[in-house]
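Some features that TrEMBL has for this protein:
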COMPBIAS  156-167  compositional bias 'Basic and acidic residues'
DOMAIN    89-148  domain 'SH3'
DOMAIN    185-369  domain 'DH'
DOMAIN    400-507  domain 'PH'
REGION    156-178  region 'Disordered'
Amino acid sequence: ITSAVAFDILPLKLHPFSQSTPTGLDCVGWKRRVSSPVITDGALDKTALTDDVGSEEDLYEDFRSSNHRYGHPGGGGEQLAINELISDGSVVYAEALWDHVTMDDQELGFKAGDVIEVMDATNKEWWWGRILDSEGWFPASFVRLRVNQDEPMEDYPLKVEGGKEDDSSSGTRRFGMGQTTKDQMRTNVINEIISTERDYIKHLKDICEGYIKQCRKRADMFTEEQLKTIFGNIEDIYRCQKKFVKALEKKFNKDHPHLSEVGSCFLEYQTEFQIYSEYCNNHPNACMELSRLTKVNKYVYFFEACRLLQKMIDISLDGFLLTPVQKICKYPLQLAELLKYTNPQHRDFKDVEAALNAMKNVARLINERKRRLENIDKIAQWQSSIEDWEGEDVLVRSSELIYSGELTKISHPQAKSQQRMFFLFDHQLVCCKKDLLRRDILYYKSRINMDDMEILDVEDGKDKDFNISVKNAFKLHCRDTEEVHLFCAKKPEQKQRWLKAFENERRQVQLDQETGFSITEVQKKQAMLNASKQHHTGKPKAVTRPYYDFLMRQKHPTLPTTLPQQQVFMLAEPKRKPSNFWQNISRLTPFRK
């Protein structure tokens, strides 16, 4: 059984693009019944299409009305094989690519990286599985079938009480021409890594040549900004992956795959893989733009014509665009499995171990950047709720709320004290005043540029600059203008939290400079626009889409009737930390969940 599950495709219908994860994108080279006419500049070549399929609309309608499936030969042979294995009493395992969070007691919840026993794969979209003593439905697209189904995922090598390797274990059984079972398992994983990389390159090429190239020829339908939104930096990913797969193939030992040393390839390209961060962050915007365009029939016809002319498998464009997200999720899982079947004495062991940690770090970076981008929407919503806002938007310079709370600000010349709410972002400290009657309303008062400030701890007692007695105080001193701001907290621990927050703010600014993190102007404008709409219309209600009705055997409860949410994806390794944005300002009534 390979790692991919064949996708027995439902007929394409006139509805918004499905957000289901494609499960079977590793299968290529299937037969097509349409020739390959050339799309000329400006429009589809009607003459080239006429002989075989007619116009874009004819091509699309002919596809819809046909019972033919552009799918795996045999109508989902791999899926059939899975069920045959299950029927024969074999145990089939799958690993979770994403978290599946559900409140439905008939669905099986799990975390990314969990191992699930697949008990029924009759349905293409939802499988029945078990984790420990829990059973339920789960989306097939959320998992990856384990390469080695015939051996449990136990630590390698096996040990006995004396601390020596257990020669009687399965780890020393011979397989074929003097090859141990563990070597065969490693061969399986190596073969999967190589084959899936080759197939992935094919899909990236199809997207770049089958869709992007043709879309650029239709300036009457697409602007460059739209194409950037839909496809992100997938062309950069394509160029990176072509070099990566060449490096893998150089390290691939065709005669003895288990001796291949591929770990160094992942270490070499770990920095370049960070380009996936931009793509993953943009992916929700791509889904929204595609959903908007496909409400117009001519775009549906055009995208379908592009797919057929490129001889691509029967998955919608948004499905193909999800493959890079899915790919970067798979690397930690593949490397973890490879490490389990690599003998510590193997020349590749240390590199694979280091590569696994490296790819976890890539995933951690992508998760962190995604969290930051999610926060900009919250920051924009916060700013839109502040009355009498003046000056530039917070997002012009900042993207992270570091800390917030009440402080007493003391100003020259009369040492006047004012109770204010302060919000510390990267690069700036925003000062607001609470409404006298409605304490949940805030008014903008001022801001301080933190890039020019140094923080001074003030001892309790009389302050010489302001000639007053202070307690739990600290100062912000401007290096350029010698301007001094004095603040007092109510308690010593609150003062310490503020001092720590100022350290974290400088550390965050430095880290962003080192990693090159930035927010595009388009993302800033979109966040402010969304906040403005929500401020006037209120928060939109959650929308659920009806799912396909399936008739299943009576031995299981009814299938779930809604699609699992996949807009907000979770990378496989490591687990993403929750945002502390709302915790920082939880004391403000307007922002309580």
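Using N, Cα and C of the backbone, Cβ positions are placed for all residues, glycine too.
A quick note: this is a predicted structure, and the numbers were derived from the prediction, not measured.
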Residue counts in helix (H, G, I), strand (E, B) and coil for the domain 'PH' (400-507), per DSSP?
19 helix, 59 strand, 30 coil
Restricting attention to the domain 'SH3' (89-148), give the mean pLDDT.
82
Treating G and I as helix alongside H, and B as strand alongside E, what does DSSP give for the domain 'SH3' (89-148) in helix, strand and coil?
3 helix, 29 strand, 28 coil
